[in-house]
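The following feature annotations were taken from TrEMBL:
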- 1-49: region 'Disordered' (REGION)
- 1-15: compositional bias 'Basic and acidic residues' (COMPBIAS)
- D77, W78, E80, N82, E91: Ca(2+) binding site (BINDING)
- H141, H269, H273: Zn(2+) binding site (BINDING)
Amino acid sequence: MTCSPRDGDRRDCSLRHRRARQSRPGACRSSTRLNPPVAPPGAEQPDWRLGRTRRMGGLSSSEKMAEVFAYESSELDWCEDNYKHSDHVVEYFNTMSSFFFFIISPIMLYLLHPYAKERSLAIHMVWVMMIFVGLFSAYFHMTLSFVGQMLDELSILWVLAVGYSIWFPRKLFPSFIKDRSTFSRIVLAITVITSVSSFIKPTANAYALNCFGLHLLYTLVIEMRCCTDQKALHLAKLSVALWVLAISCWISDRFGCSFWQQLNFCYLHGIWHILIVMAVAYASTLVAYLDASYEIPYSLPGLQFWPCDKWAVGFPQIVLKGTDKTRKRC
Ligand SMILES: [Zn+2]
């Protein structure tokens, strides 16, 4: 059973879909996308490389292509009720919460600009790409399509790759890597291989991405072990607290859905979106601040909260206190 917006009543279709999944996990998607039809002996085979649309048994290549864009063609389905608020949006709250990326990203681009101007404008790639993460996340949750899932996951992978390339501390490079450009090339190669292999078992991708979070946490702990800067420590604690909250929401939505359905509160994945973008804002500023201390120490980097530094929370910002004079002297 494959539901798409072409179905007469999407809500009925969604309910049928969910019932089928509950009774026989994966049954809905056991259809054409996962198990391509086998051509009978002697039948004409499609030429995938040329994109021809010759028929074989069931689907032509163009129909297969259409299927990966179809609503609910992804294996993933989050806890939120499908089509609850709109016939065109599968998971309404999850879609809307993705737009939080569009609010936070421009603010972070603005706040990191003085540091990026001094260090490298390539740093802006992180938050420009975060806008695409939000866009693809909204598209994925709106359609739950296979293409949406892959775009969402791959955009996150590439943001991580850019973050690693720019900010991973030199002192933690493996001994055979001597400079950042070599490190970046290796990260690029690994990311390309990972992107291709993400199509092998797409359901495992989300778990693999969260493992990067664990590695980042480990790196942060190593970096902060001998840090005495109270503002940096405060920012580290906030980042970790937000990440723990975010990942708890993600896991709870994934594995405790029946419990949350009984409470009629199926919005934890949407809350994960909001918390994780805030965790990235805090953590990336902290990492950028440590990077500025190593790479451009003459600019005398400091941390502040925006819009008011006296508040315990707010958006973190790097201020460069170094004057032109100090830069010349250094
Ligand atoms: Zn999501």
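Cβ coordinates are placed from backbone N, Cα and C, and glycine is handled just like the others.
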Which whole-number value in Å describes the distance between the Cα atoms of H269 (Zn(2+) binding site) and E80 (Ca(2+) binding site)?
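Cα-Cα distance, H269 (Zn(2+) binding site) to E80 (Ca(2+) binding site): 8 Å.
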Fill in the CA-CA distance, E91 (Ca(2+) binding site) to H273 (Zn(2+) binding site), as an integer in Å.
13
List the residues in the vicinity of the Zn(2+) site, defined as same-chain residues other than H141, H269, H273 with C-beta within 8 angstroms of the site's C-beta centre.
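In sequence order, the nearby non-listed residues are W78, E80, E91, F93, N94, T95, S97, S98, S137, G270, W272.
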Counting Cβ atoms within 10 Å across all protein chains shown, which of the binding-site residues D77, E80, E91 comes out on top?
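Counting every other Cβ within 10 Å of each candidate, the maximum falls on E91.
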What's the CA-CA gap between H273 (Zn(2+) binding site) and N82 (Ca(2+) binding site) in angstrom, rounded?
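Distance (Cα to Cα, whole Å): 18 Å.
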Using a 10 Å cut-off, grab the number of neighbouring Cβ atoms around the Cβ of H269 (Zn(2+) binding site), all chains included.
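Cβ-Cβ neighbours of H269 (Zn(2+) binding site) within 10 Å number 21.
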Through the lens of DSSP with three states only, how would you label N82 (Ca(2+) binding site)?
coil
In whole Å, note down how far the CA of H141 (Zn(2+) binding site) lies from the CA of W78 (Ca(2+) binding site).
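With the alpha carbons as reference points, the distance is 9 Å.
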Around the Cβ of H273 (Zn(2+) binding site), how many other Cβ atoms lie within 10 Å? Please give the count over every shown protein chain.
26
Around the Ca(2+) site formed by D77, W78, E80, N82, E91, list the extra residues of the same chain whose Cβ is within 8 Å of the site's Cβ centroid.
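In sequence order, the nearby non-listed residues are C79, D81, V90, N94, H141, L144, C266, H269.
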What are the non-local neighbours of H141 (Zn(2+) binding site), defined as same-chain residues 6+ apart in sequence with CB under 8 A from its CB?
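H141 (Zn(2+) binding site) has long-range Cβ partners W78, V89, V90, E91, N94, T95, S98, G148.
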What does DSSP call H269 (Zn(2+) binding site) in the simple three-state scheme?
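Going by the DSSP assignment, H269 (Zn(2+) binding site) falls within a helical segment, counted as helix.
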